[in-house]
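Pulled from Swiss-Prot, these are the features on record:
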type	residues	note
REGION	1-32	region 'Disordered'
TRANSMEM	48-68	transmembrane segment
TRANSMEM	83-103	transmembrane segment
TRANSMEM	120-140	transmembrane segment
TRANSMEM	177-197	transmembrane segment
TRANSMEM	211-231	transmembrane segment
TRANSMEM	248-268	transmembrane segment
TRANSMEM	290-310	transmembrane segment
REGION	323-342	region 'Disordered'
REGION	364-414	region 'Disordered'
COMPBIAS	379-388	compositional bias 'Polar residues'
Amino acid sequence: MTDTPGLLGTPLAWTPPARPAGPQMERAGNGSQGPGPLFLTSPLARGVSGVFVWAALVLTGHQIYLHLRSYTVPHEQRYIIRLLFIVPVYAFDSWLSLLLLGGHQHYIYFDSVRDCYEAFVIYSFLSLCFQYLGGESAIMAEIRGKPVRTSCFHGTCCLRGMTYSIGFLRFCKQATLQFCIVKPIMALVTIVLQAFGKYHDGDFNVRSGYLYITLVYNASVSLALYALFLFYSATRELLQPFEPVLKFLTIKAVIFLSFWQGLLLAILERCGVIPEVQVIDGSTVGAGTVAAGYQNFIICIEMLFASIALRYAFTCQVYSEKTESSPAPSAPMQSISSGLKETMSPQDIVQDAIHNFSPAYQKYTQQATQEAPRPGQGSVPSPRTPTHSPDGGPGGGRKGRNVEKRMLIPAEEL
């Protein structure tokens, strides 16, 4: 490189022409985009999450089919199938939310369905434990009058000097049922507020509905899980033959992981770890939407491991053995479909809510539910229930009617 004399005799140094500053300035000015596109919208994230989701769906779908094919103890397997459905609901819902991540916040509608089913799962697990033990009266025959074991770990440190009564079982049922009522209401309120622009994920402003819905939801789910834990600690020895530890830990892990993940992501958002603004497909989204996207991605991955754990926790072996020992043929597809329809019916939840919140509850308590064997499923009684009342009706293809027994409870025991 040589110097060329200037107009006044001073040397001028040659410099290469500068690159256009437009793209660099645009890239630097748009710091919200970062060094590259958002990972959640990349084909890698969507492909990996899709593989995990479909693997979980296949594993859980096969297990649900096995239970429906060996539907020999309906009053137990009804709740087991409901619990197993948590994987398809969580996995597919989270994957759709991830695929539709953007400025329109379509994921809120899918997440509302997922959260409502969470309440359904908590109630179903408690009801399954009740069925294992023979119903409320059978449980009271074992624990009535026994002192409550006080423990900070079990959350009973403030119950010193108290004994178990029918009121304890009623509290456990009411605490789980209230979540089944509160959660759908909060989901509906969320959808309405989002439609009017008054709800944004991660917005803790007092003028936003997110703060109040989060407070109500956390209080409701905490009460439901606390009641579930209280019931388990009170009946742990009675439930021992049914191997409840893996069942209990698996269900609580699925629910608690989603809860604490959401809380952790909200904290990271408040700390500024998640950028305030992101651009997805030309639409500007806030940090709350991005945090919800990361949670949905994590849930997609976790559901495969949850499906494996549930496969061991709620095995179909004991029910399939009943089918093999029965001389009746295997259940046809019509019986499988009717069993699935019965499983998804919320009628028992409505009846249970009316029963437990009724002022007349103090006059009676629910006895174990007895059901008739289904056609084509044999009449082998469950070892967990003393008897089965056959359906005396002529409808051979109709499901057996529920026969509920009631037992009077003295008012002073409430």
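Here the Cβ of each residue, glycine as well, is placed from N, Cα and C on the backbone.
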Among 48-68, 120-140, 211-231, 248-268, 290-310, stretch most in contact with the transmembrane segment (83-103) (C-beta, under 8 angstroms): 290-310
Selected stretch (most C-beta pairs under 8 A with the transmembrane segment (120-140)) from 48-68, 248-268, 290-310: 248-268
Tertiary contacts of the transmembrane segment (248-268) (same chain, 6+ residues out, Cβ under 8 Å): 83, 86, 90, 118, 121-122, 125, 202, 218, 221, 225, 228, 232, 274, 291-292, 294-295, 298-299, 302, 306, 309-310, 313
